[in-house]
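One structure is given here, and the rest of the page talks about it.
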Amino acid sequence: MFLTNISCLIIPILLAVAFLTLVERKILGYMQLRKGPNIVGPYGLLQPIADAIKLFTKEPLRPLTSSKLLFTIAPTLALSLALTLWIPLPMPHPLANLNLGMLFILAMSSLAVYSILWSGWASNSKYALIGALRAVAQTISYEVTLAIILLHSNLFSGSYSLSSLITTQEHIWLIIPSWPLTMMWFISTLAETNRAPFDLTEGESELVSGFNVEYAAGPFALFFLAEYANIMMMNALTTTIFLGPTYNPTFPELYSTNFMLKTTMLTISFLWIRASYPRFRYDQLMHLLWKNFLPLTLALCMWHTSLLISLTSIPPQT
């Protein structure tokens with residue numbers, strides 16, 4: 001039964017990820033006044049299936065000087081962690097309703113750093129290693145603000161469980177009282193998932209595609225799937241924390257529809273940003289976090305904490 005539950009979670013995610021690649025190529029195409037994929041199947045709808053067949057039937061080449069074990073483990077670990085992150089998300093019922101769901105997501109997203117680092121180091125290529133070090137520095141840095149903003153949402157909901165956020169947002173979305181945090185969270189999720197304009201790990205001109213430069217065929221496809229699964233997961237988490245869909249026990253399907261629509265809109269905005277903005281310089285990326293986001297999030301954290309303490313002695317207005 002448990003295996004059925006897991007497969008019912010994993011298969012739709014992988015299908016959504018496959019078609020997200022098509023949506024991205026279509027959006028980028030239309031924004032550049034061209035069609036995008038339109039040959040394979042009607043309107044190019046079978047393009048993801050053709051891509052999957054092509055990638056998984058090619059021979060997975062490996063550099064002779066690479067570390068065989070780590071080179072193989074890294075993409076598998078990346079996809080496994082990307083799928084594990086979906087476990088505590090309420091849609092409206094999570095696969096496992098964890099009391100510390102927020103901390104679980106934070107810990108799992110931190111572990112994703114290892115797959116990037118191992119892939120860069122095991123490739124035994126200086127381009128891959130520099131790309132991996134960039135990615136690790138960027139991911140670890142932006143996790144700081146993500147953790148502080150998660151602490152804010154914990155202050156609002158009074159629990160580390162993600163399911164409690166549904167109850168918290170019955171009357172008002174958290175985006176309204178905490179819109180500066182939401183903006184910083186959204187930009188931090190862009191950086192955390194290595195998306196444009198923060199995709200410095202893939203600097204084609206200087207790093208030749210970054211940490212996955214030596215990967216081909218199946219292992220490359222696993223990294224690709226992990227990246228897009230992380231994008232969708234981060235947007236699903238943003239929806240849960242700041243745009244809480246209304247849960248009606250008599251119509252639980254409405255929650256799922258609402259949740260999926262909001263997640264889709266946020267994901268399309270990710271793609272829109274990629275098509276619109278140029279890449280940041282590395283020092284600008286780090287200055288944005290350490291000199292702007294970190295002081296702001298800490299100040300807002302102190303403000304929200306002190307606000308709760310200062311209002312505790314005030315009687316309720318009945």
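Please read every residue number as a count from 1 along the shown chain.
Including glycine, each Cβ sits where the backbone N, Cα and C put it.
Listed in Swiss-Prot for this protein:
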- 2-22: transmembrane segment (TRANSMEM)
- 36-56: transmembrane segment (TRANSMEM)
- 69-89: transmembrane segment (TRANSMEM)
- 100-120: transmembrane segment (TRANSMEM)
- 130-152: transmembrane segment (TRANSMEM)
- 171-191: transmembrane segment (TRANSMEM)
- 217-237: transmembrane segment (TRANSMEM)
- 254-273: transmembrane segment (TRANSMEM)
- 294-314: transmembrane segment (TRANSMEM)
Criterion met for the transmembrane segment (171-191) and the transmembrane segment (294-314) (at least three Cβ pairs under 8 Å): yes
Dominant neighbour of the transmembrane segment (130-152) in 2-22, 100-120, 217-237, 294-314, by Cβ pairs under 8 Å: 100-120
Dominant neighbour of the transmembrane segment (2-22) in 36-56, 217-237, 254-273, by Cβ pairs under 8 Å: 217-237
Stretch with greatest number of CB pairs under 8 Å, the transmembrane segment (100-120) reference, 36-56, 69-89, 217-237, 254-273, 294-314 candidates: 69-89
Intrachain residues whose Cβ lies under 8 Å of the transmembrane segment (217-237), provided they are six or more past its termini: 13-14, 16-18, 20-21, 52, 55-56, 58-61, 71-72, 74-76, 78-79, 81-83, 85-86, 89, 91, 105, 109, 112, 115, 119, 189, 192-195, 259, 263, 266-267, 270
Tertiary contacts of the transmembrane segment (254-273), as residues 6+ beyond its ends and Cβ separation under 8 Å: 20, 23-24, 27-28, 31, 91-92, 166, 186, 190, 193, 195-197, 231-232, 235-236, 238-240, 243, 245-248
